[in-house]
Amino acid sequence: MERCPSLGVTLYALVVVLGLRAAPAGGQHYLHIRPAPSDNLPLVDLIEHPDPIFDPKEKDLNETLLRSLLGGHYDPGFMATSPPEDRPGGGGGPAGGAEDLAELDQLLRQRPSGAMPSEIKGLEFSEGLAQGKKQRLSKKLRRKLQMWLWSQTFCPVLYAWNDLGSRFWPRYVKVGSCFSKRSCSVPEGMVCKPSKSVHLTVLRWRCQRRGGQRCGWIPIQYPIISECKCSC
């Protein structure tokens with residue numbers, strides 16, 4: 001089995017490169033499916049029975065009542081009851097090209113933040129050898145190289161609004177994804193993948209057939225990606 005290089009090996013390879021350059025099925029089970037808390041990544045899509053008989057009616061969509069049921073779990077930063085203005089394509093999905101451009105634009109707007117990874121912060125870049133001794137780069141140049149390396153291996157979470165459908169309230173939830181269309185390692189080989197998730201509490205319209213069909217709103221835990229990591 002091919003082993004994935006560790007971050008340490010990746011960073012060492014980069015130092016070597018820099019040194020060289022510097023040197024010279026359907027059924028009733030659908031009725032009971034709902035998102036469940038899970039640490040398994042990547043997250044899977046929801047599966048819903050297509051029959052509209054299981055959809056909530058207009059009288060079941062009283063926003064005042066639903067907001068009361070959800071209580072303090074309502075998060076306006078990640079939830080919306082109507083299509084958000086910044087949601088690409090409005091009610092429908094954007095064309096592939098437009099979606100790619102929007103994703104790339106969001107990626108370019110993000111920069112590494114927080115504490116610099118210790119593997120990068122501890123790197124000692126060498127200008128080459130002079131009389132058998134390593135000469136350190138200036139503090140300013142060393143910082144620039146560290147920031148460049150950090151930006152190359154940075155794996156931000158890209159957020160976009162997702163329409164869960166009429167059987168969920170709020171209907172629109174902001175979900176995260178990892179940008180995996182380019183390698184995040186030097187040399188190439190590793191990509192950004194989900195590493196952590198958190199859960200939002202939303203309401204789901206659930207129907208049961210015990211003693212006749214009965215439906216109602218229940219709170220469920222909806223997982224979203226919260227962190228991405230450069231890995232195999």
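Placement of Cβ uses the backbone N, Cα and C atoms for every residue, glycine included.
The record in Swiss-Prot pairs Cys192 in a disulfide bond with Cys155, which is drawn from Cys4, Cys155, Cys232. Per Swiss-Prot, the disulphide partner of Cys184 among Cys228, Cys230, Cys232 is Cys230. Per Swiss-Prot, Cys228 makes its disulfide bond with Cys178 among Cys4, Cys178. When the disulfide-bonded residues Cys207, Cys215, Cys228 are ranked by how far their Cα is from the Cα of Cys155 (disulfide bond), Cys228 comes first. Checking each of the disulfide-bonded residues Cys178, Cys192, Cys207, Cys215 against Cys230 (disulfide bond) by C-alpha distance, the shortest gap belongs to Cys192. Ranking the disulfide-bonded residues Cys184, Cys192, Cys207, Cys215 by the distance of their Cα atoms from the Cα of Cys178 (disulfide bond) places Cys192 first. Put simply, Cys192 is the one of the recorded positions Asn62, Cys184, Cys192, Cys207, Cys215 whose Cα lies nearest to the Cα of Cys228 (disulfide bond). Cys184 (disulfide bond) has a Cβ environment of 22 other Cβ atoms inside 10 Å.
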